[in-house]
Amino acid sequence: MASQFLLLAFLAITCAIASASDPSSLQDFCVADSKASVLVNGFVCKDSKLVDANDFFFSGLHLAGNTSNAVGSRVTPVNAVQIPGLNTLGISIVRIDYAPWGINPPHTHPRATEVLTVLEGSLKVGFVTSNPENHLITKVLRKGDVFVFPVGLVHFQQNVGYGNAVAIAALNSQNPGVITVANAVFGSKPDISADVLAKAFQVDKNRVYNFQSKF
């Protein structure tokens, strides 16, 4: 009986690990069919006889993103939406442009670890470990430096130079997802109760209303 329990426990752990990232493809490729009406976890496969090179191609990462916004950054994604051939392959990339002193605000990717490489400029980056430590791990990166943000942890980047900065990041999911902390907390639809947020952040409710009005 004990051996059977251990076997079941082992299988449960193995399955949990196996399901912790995008599932492996069972064929050469599964190009996303954006016109399909069927809803699946990911995208329905396009008929392989109709696939061509453009299904695996994207042009535009050489173009700077428009950073004229409140946070001074712009993320240009390249995932299975932009490249249908990425469907089921478990990988995507983004280009991030930063104005001087611009930030990519604290956020998480619920389905992916991120590996970021600085192409131009200097970035202060960091992530925060989970409760109860909430330890901030941070470093200033320069051109050519690489930094890893573990899956699910809150992280950020800030341009600490006087010129523009550019980074490329790879993520081990075709759809990493992104939850920007401020947007989620103060910009939810409908609003999270001001009573809840006031107690959580230990501030007056009027300050919560002010924050919510900005999102």
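Sequential numbering from 1, following the chain as shown.
Cβ coordinates come from backbone N, Cα and C, glycine included.
Features as listed in TrEMBL:
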type	residues	note
BINDING	N104, H109, E114	oxalate binding site
BINDING	H107, H109, E114, H155	Mn(2+) binding site
DISULFID	C30-C45	disulfide bond
SIGNAL	1-20	signal peptide
Distance from C45 (disulfide bond) back to H107 (Mn(2+) binding site), taken between C-alpha atoms, in Å
31
With the Mn(2+) site defined by H107, H109, E114, H155, which remaining residues of that chain have Cβ atoms positioned within 8 Å of the Cβ centroid?
T108, A112, F127, F149, L153, V154, P176, V178
Using C-alpha atoms only, work out the spacing between H155 (Mn(2+) binding site) and E114 (oxalate binding site) and round it to an integer in Å.
10
What is the separation, in Å, between the Cα atoms of C45 (disulfide bond) and H109 (oxalate binding site)?
25
If you draw a 10 Å sphere around the Cβ of H109 (oxalate binding site), how many other Cβ atoms fall inside it, taking every protein chain shown into account?
22
Cβ-Cβ distance under 8 Å, sequence separation of 6 or more, same chain as E114 (oxalate binding site); the residues meeting this, in order, are V148, F149, H155, A169, A170, L171, P176
So H107 (Mn(2+) binding site), by the Cβ count within 10 Å over all chains shown, scores 19
For the C-alpha pair, I'd like the distance in angstrom between N104 (oxalate binding site) and C30 (disulfide bond), rounded off.
32
